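Asks: What TrEMBL records for this protein is below:
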type	residues	note
TRANSMEM	25-45	transmembrane segment
TRANSMEM	80-104	transmembrane segment
TRANSMEM	124-146	transmembrane segment
TRANSMEM	171-195	transmembrane segment
TRANSMEM	287-306	transmembrane segment
TRANSMEM	348-378	transmembrane segment
TRANSMEM	390-410	transmembrane segment
TRANSMEM	468-492	transmembrane segment
Amino acid sequence: MSISAILAFCWIYVRKYQSQRESEVVSTITAIFSLAIALITSALLPVDIFLVSYMKNQNGTFKDWANANVSRQIEDTVLYGYYTLYSAILLCVFFWIPFVYFYYEEKDDDDTGKCTQVKTALKYTVGFAVICALLLLVGAFVPLSVPNSRNSTEWERVKFLFEELGSSHGLAALSFSISSLTLIGMLAAITYTAYGMSALPLNLIKGTRSAAYERLENTEDIEEVEQHIQTIKSKSKDGRPLPARDKRALKQFEERLRTLRKRERHLEFIENSWWTKFCGALRPLKIIWGIFFILVALLFVISLFLSNLDKALHSTGIDSGFIIFGANLSNPLNMLLPLLQTVFPLDYILITIIIMYFIFTSMAGIRNIGIWFFWIRLYKIRRGRTRPQALLFLCMILLLIVLHTSYMIYSLAPQYVMYGSQNYLVESNITYDHHNRNSTVSVPKRCDADAPEDQCTVTRTYLFLHKFWFFSAAYYFGNWAFLGVFLIGLIVSCCKGKKSVIEGADEDDSDISDVEPSAYSV
């Protein structure tokens, strides 16, 4: 997928959901580019795996052009790609998105001038910048090894820390910051992606309610509310003032009537829309897609469960971050990838499909749940009615989830993510019975943790994932939570009825407006 195609998709997606009344140029550009960075970063994993695999032949030998210098250049190129994209993510999460968000938060106050908006936004953004600087400093000076001498002086220890920082070229600092954000992304994935993996397929299979039936129900509700209003107003026909309780009830019924009449206009438009008829013709295709998505979700969940179970039984424990090399318990995805490696490029296509599925189900989860702060709903994500601040939140959440995607793929197929399809040569003794002679031959073997460092090239993704054991341990427990939330979401999605043809337009939804109904029917 080219960058222009990614930008085009991001533009269509953002324009589809942003509010037509509150759209702002700066927030729109910020949302588009943040979403594009998330998608481009997710595409780097299959590229990383492809490059380390492409340097070697299937017989375990390096290709003629893949000498030590070329291999190092390729590794550095991928590493610089990660540096660039991860730095862009840090810039978006800690600087760009917070500044634009707080700028538009202040803009809601009509008495606030431009200078005051900028000053307030900068004040809050400085707080995010301080957090980013602290994460970089902690990551830079957390030693991955300790000095050999226990009697080292304080100066020697400080010198050792700076040598560690210099030797890693800032990799540890960036890795710690990204791992911290990945930890937040894990919580977002548990909340949104796990639910979206069950909600998206089942919504496609079940479809939406009939516009004609909803309109009939809405007409009955209008008649009922009008009767209540007439009953209350009849109490004041003789000139007596209404009691305070009746006034409050009358106001509530009148508000309800206005909402129902707006809903009636939207339903009438949707019922007669050509788009509704077109979507009805595509109903069988949606059911097929829904079945396909639920099968992918089951493949993902079963593989993740078996992989986590393997770590629980065969890893060295929490002190190592539950890291395991190879697979003692086979899972469907781990068995499927080696088979697909024999036919280029099927394995990369599968990895790309899983990553994109992960992202789209995350989008579906955010749309269905909305954006919450604990028990307080902050924003809803609705077609044509999403506020600029909500879009910025959406893009920030997706950025964090994309960071966690790489670890999820590693959890499913650790050896594949580390080495791709690389083989290396091992010497094997063969005995000839007729001559009673032994002969040594080189046999290709799949790269694993026992392979010599000069024979197998580790992906740059793996270097970022496992710099710090405590993050790996947290991701391990997060995978169990992910599985639990998926099962709960699957039960909830099965028990829920069909969605309204007007997405999210329930009776207490203040987002229903008098603007052109077509904005909501797409």
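Yeah, the Cβs are placed from backbone N, Cα and C, and that goes for glycine too.
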Asks: In the same chain, which residue numbers or ranges, 6 or more beyond the ends of the transmembrane segment (287-306), come under 8 angstroms Cβ to Cβ?
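Replies: Sequence-distant neighbours of the transmembrane segment (287-306): 197-198, 200-205, 329-334, 353-354, 357, 361, 408, 411-412, 479, 482-483, 486.
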Asks: Please identify the stretch among 80-104, 171-195, 348-378, 390-410 with the greatest number of Cβ pairs below 8 Å relative to the transmembrane segment (468-492).
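Replies: Going through each listed stretch, the top one turns out to be 171-195.
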Asks: Sort out for me which stretch, of 25-45, 171-195, 348-378, 390-410, has the most Cβ pairs below 8 angstroms to the transmembrane segment (80-104).
Replies: 25-45
